[in-house]
Amino acid sequence: MTSRELFVAFSTIVTKEIRRFTRIWGQTLLPPAITMTLYFIIFGNLIGSRIGEMGGFNYMEYIVPGLIMMSVITNSYGNVVSSFYSTKFQRNIEELLVSPIPYWVILSGYVLGGVSRGLAVGFIVTMLSLFFTDLQIHNIGITVSIVFLTAVLFALGGFINAVFANSFDDISIVPTFILTPLTYLGGVFYSISLLPDFWQGVSMLNPILYMVNTFRYGILGVSDINILFAYGMILLFIVVLFSVSLHLLKSGKGIRS
Amino acid sequence: MTTALSINNLRKVYDNGFEALKGISLQVEEGDFFALLGPNGAGKSTTLGIVSSLVNKTEGSVSVFGHDMERELSKAKKCLGVVPQEFNFNMFEKVIDIIVTQAGYYGIPLNEARERAEFYLRKLGLWEKRNERARMLSGGMKRRLMIARALIHNPRLLILDEPTAGVDIELRRSMWEFLQEINAAGTTIILTTHYLEEAESLCRNIAIIDHGTIVQDTSMRELLLQLNTETFILDVNPPLQSKPRLNGYTCELLDDHTLEVEVEREQGLNAIFQALETQGIQVSSMRNKANRLEELFVSLVDKNLAQEKA
């Protein structure tokens with residue numbers, strides 16, 4: 001395919017993905033908006049006012065970056081896992097497999113679709129947070145780049161989950177039993193400096209901690225971890241997951257007999 | 001003449017150990033209307049699945065218009081249009097969106113995709129349904145939608161896996177006309193079907209596959225010449241009480257107005273009419289008991305089964 005044809009094919013997949021999650025906005029965009037508003041009210045306003053400061057900021061200011069990042073992570077992951085699995089389940093993945101689109105374009109299209117939903121939800125949650133606090137962005141470059149890279153990483157994770165999934169139950173196992181606990185324990189609601197040394201060490205093994213803290217650094221200018229190390233780790237994970245996803249697509253795992 | 005599809009020593013063993021294809025080879029020339037027939041589970045869909053990149057092969061090679069599917073996959077796929085046996089589009093999408101999206105996968109820009117979609121949807125009688133969700137279409141319309149989708153990038157080779165399954169006879173005939181039209185315009189067509197009259201009336205060349213091997217690969221004319229005996233049903237007047245005398249022919253009286261006669265290829269039909277006329281019996285109409293290709297197909301498959309058992 002020529003580069004122009006590749007671009008048309010890529011934008012077709014991305015457009016289809018965006019059309020899908022905007023068509024069912026009541027299932028994709030509205031629930032995180034409601035959930036995060038409840039977090040802001042309960043944890044930020046009602047409980048947060050009794051907690052006092054954390055990392056030099058009031059509790060509401062402290063948790064807003066974490067909650068935005070949590071929305072981005074779950075939605076970029078959720079979009080690709082549900083969309084690609086449905087495509088497999090309905091067999092319309094065959095429309096893509098018979099076409100001349102290279103596998104890396106198929107993968108990139110689905111990933112950008114997931115990133116789009118992650119960023120859309122992240123934007124909505126950010127707008128809602130403005131009703132509860134003033135957001136002063138410390139470093140726009142870090143804020144935007146880390147949220148984008150995190151969305152890419154979890155979109156790739158969602159893709160791999162979808163490839164291995166054999167039922168709709170399988171697409172909720174990872175988000176429920178792995179993603180949510182890691183996110184909650186990844187410094188969304190607290191600074192790991194509050195933990196005993198041992199648990200601080202354990203927390204440092206949680207990759208989501210690095211993403212949440214880097215994003216928090218972009219907004220508030222405070223972080224529990226080394227920002228450069230976080231970027232390096234995220235980029236490494238992206239390269240590894242992209243390569244694994246591409247290999248799975250090429251080998252036809254779960255999509256070709 | 002260019003070879004549209006070349007399959008060499010193609011073998012497929014599924015994960016459960018079942019050998020669906022045992023090293024088949026097949027050539028389909030450009031412009032052909034080719035039938036790939038076989039009983040259920042013979043290996044037809046596996047063969048077409050490998051050609052369409054939906055099934056991984058175990059061994060062998062496939063090339064489409066000279067493009068090897070390992071070395072020039074993208075070029076080979078561009079030449080191919082595939083109409084699968086099962087509905088495989090998103091049932092919740094609109095008809096027009098399904099077609100235009102598929103065009104996008106082939107790198108066709110949106111404006112051109114819309115023009116082509118209109119052409120094929122009008123041609124296949126689906127234009128009025130363009131804004132309907134696919135799940136709202138009837139079975140026949142869904143089949144036509146898959147044909148329109150497969151043609152959107154103007155493929156040189158169209159593969160149809162039982163395109164008329166479950167389609168009523170009127171619609172089936174209109175689909176035949178459409179397929180003949182695009183074949184006459186230069187598109188090579190490979191068809192699998194369980195309606196043998198469909199294969200006989202549409203296809204010029206034929207391969208019969210059974211238990212993963214090709215048992216026949218010839219022209220339709222050559223194949224039909226292999227038929228040694230044909231069975232005819234004659235409607236006769238006046239009513240008969242017993243079998244008429246037809247020397248050299250095997251005949252059976254089905255009821256007082258209906259006679260079944262087996263005719264060897266070298267025997268011809270004139271002697272039957274003469275013999276009946278001398279006995280005061282008129283033939284009001286005559287038809288084949290079964291489709292000629294069907295008789296051959298059954299005998300070839302039975303023969304192959306007997307050989308396998310031996």
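Just so it is clear, glycine is given a Cβ too, placed from its N, Cα and C backbone atoms.
Straight from TrEMBL, the features:
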DOMAIN    A:23-252  domain 'ABC transmembrane type-2'
TRANSMEM  A:29-47  transmembrane segment
TRANSMEM  A:59-81  transmembrane segment
TRANSMEM  A:101-128  transmembrane segment
TRANSMEM  A:140-165  transmembrane segment
TRANSMEM  A:171-192  transmembrane segment
TRANSMEM  A:204-222  transmembrane segment
TRANSMEM  A:228-249  transmembrane segment
### Query
For the transmembrane segment (A:101-128) and the transmembrane segment (A:204-222), does the number of C-beta pairs under 8 Å, pairs 6 or more apart in sequence, reach 3 or more?
no
### Which of A:29-47, A:59-81, A:140-165, A:171-192, A:204-222 contacts the transmembrane segment (A:228-249) most, counting Cβ pairs under 8 Å
A:140-165
### Task
Using a Cβ cut-off of under 8 Å, list the residues of the same chain at least 6 residues beyond the transmembrane segment (A:29-47) that approach it.
21-22, 59-60, 63-64, 67, 71, 74-75, 117, 120-121, 124-125, 128-129, 131-133, 189
